[in-house]
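> I am attaching a structure below and will ask some questions about it afterwards.
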Amino acid sequence: WIMGHMVNAIAQIDEFVNLGANSIETDVSFDSSANPEYTYHGIPCDCGRTCTKWEHFNEFLKGLRKATTPGDSKYHEKLVLVVFDLKTGSLYDNQASDAGKKLAKSLLQNYWNNGNNGGRAYIVLSIPNLAHYKLITGFKEALTSEGHPELMDKVGYDFSGNDDIGDVANAYKKAGVTGHVWQSDGITNCLLRGLDRVRKAVANRDSSNGYINKVYYWTVDKRQSTRDALDAGVDGIMTNYPDVIADVLNESAYKAKFRIASYDDNPWETFKN
C-alpha cells in the first residue's frame, strides 16, 4: 500500500492517487464536544509540505465517497484504503467513546451513504493515545445501534504513538479487538528514525500468536529509506511522494517480491509467503 500522507483537501485526493497512491491518510480534528470537525493538520507538519489545507470533515467524506464509489465521475478504482489520523490530543480521555460514536455517525451518513452504495474503501482508525481505546468501542456501538454492524467489516485499527508493542496489544485487549490491526511506526520526514521497532512489529505480524496483521512505516520520501523499509518487510509506506515509492517498487530487486495492493487484497489478512 502506497499511502499518500496528509491528504486533507478534496482536490488532493486526485493529486495523490494520480502520483501512484492506492491509499491516503487524512487528519481529523475534533471540537470540544468530541465532534469530528475538520480534515486539518496545522503547523508544524512535514518539511516541504503546506500544513494548513483543510475541509469540513463531512464535506471531505462526501468527496472521498465520490472518489471510491464505482460509477461516479470522480471514481478512482485503485484508491482502496483510507487512514484517518484522529487528532484526539485535544480531547479529555473520557471523551474518547463519544468521539468514536460521533465519528461513526459521520461516516455512516456521509461516506457509507447509510449503507446504500456508499464508498467502498477500507478504513483504518488511527489513534495516537492508547488511553483512548474506547474510541473503538464507541464507534462499534454507534454502527450497531444505527443498524449497520456489517460495516465494521470495512474498519481496521492502528495505535500511532510508537508505544511498546506489548502495551499496544493490551489496549486492543481492553477494546475487544481481535484482528483488522495495522501497526504504524515512524516519525516526521524532518527527522530520522531507525527500523528497530518496525522489525519488532514485523516479527509480531509473522509470529503464530501476534496481534498485528499489517505494518506500515511513515513518512518516507527518499529512495534509500524506501528500500530499507521494504527490506524490513513492511506492508505499507506512507509518503509525501507516492511516485518515489512507485519507482522503487519497479526496481528489479523489488518487482518480483512486491506489488501494489488492489481492492481484492484484504487489508485485514496477514500476508503469507
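Every residue, even glycine, has its Cβ placed from backbone N, Cα and C.
Per Swiss-Prot, the feature active site maps to His5; the stated evidence is similarity to another entry. What Swiss-Prot lists as Mg(2+) binding site is Glu25, Asp27, Asp85, and the listing cites similarity to another entry. Residues or ranges marked as active site, nucleophile in Swiss-Prot (evidence: similarity to another entry): His41. What Swiss-Prot lists as disulfide bond is Cys45-Cys51, Cys47-Cys190, and the listing cites similarity to another entry. Positions annotated as N-linked glycosylation site by Swiss-Prot: Asn250.
Describe each of these features in terms of where it is and what it packs against.
Of all the Cβ atoms in the protein chains shown, 29 others lie within 10 Å of the Cβ of His5 (active site).
Secondary structure at Asp27 (Mg(2+) binding site), as computed by DSSP, is strand.
Within the same chain, residues at least 6 positions away in sequence whose Cβ sits under 8 Å from that of His41 (active site, nucleophile) are Met6, Asn8, Asp27, Cys51, Thr52, Lys53.
DSSP classifies Cys51 (disulfide bond) as coil under the three-state reduction.
Spatially close to Cys47 (disulfide bond) yet at least six residues away along the chain are Thr188, Asn189, Cys190, judged by Cβ distances under 8 angstroms.
According to DSSP, Asn250 (N-linked glycosylation site) sits in a coil region rather than a helix or strand.
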> Between Glu25 (Mg(2+) binding site) and His5 (active site), how far is it from one CA atom to the other, in Å?
5
> By CA distance, which of the recorded positions (His5, Cys45, Asn250) lies nearest to Asp85 (Mg(2+) binding site)?
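If we rank His5, Cys45, Asn250 by Cα distance to Asp85 (Mg(2+) binding site), first place goes to His5.
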> For the disulfide-bonded residues Cys45, Cys51, Cys190, which Cβ has the most other Cβ atoms within 10 Å, all shown protein chains included?
Cys45
> Give me the CA-CA distance between Cys45 (disulfide bond) and His5 (active site), in Å, as a whole number.
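With the alpha carbons as reference points, the distance is 11 Å.
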> Would you count the other C-beta atoms found within 10 angstroms of the C-beta of Asp27 (Mg(2+) binding site) for me?
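Asp27 (Mg(2+) binding site) is surrounded by 24 other Cβ atoms within 10 Å.
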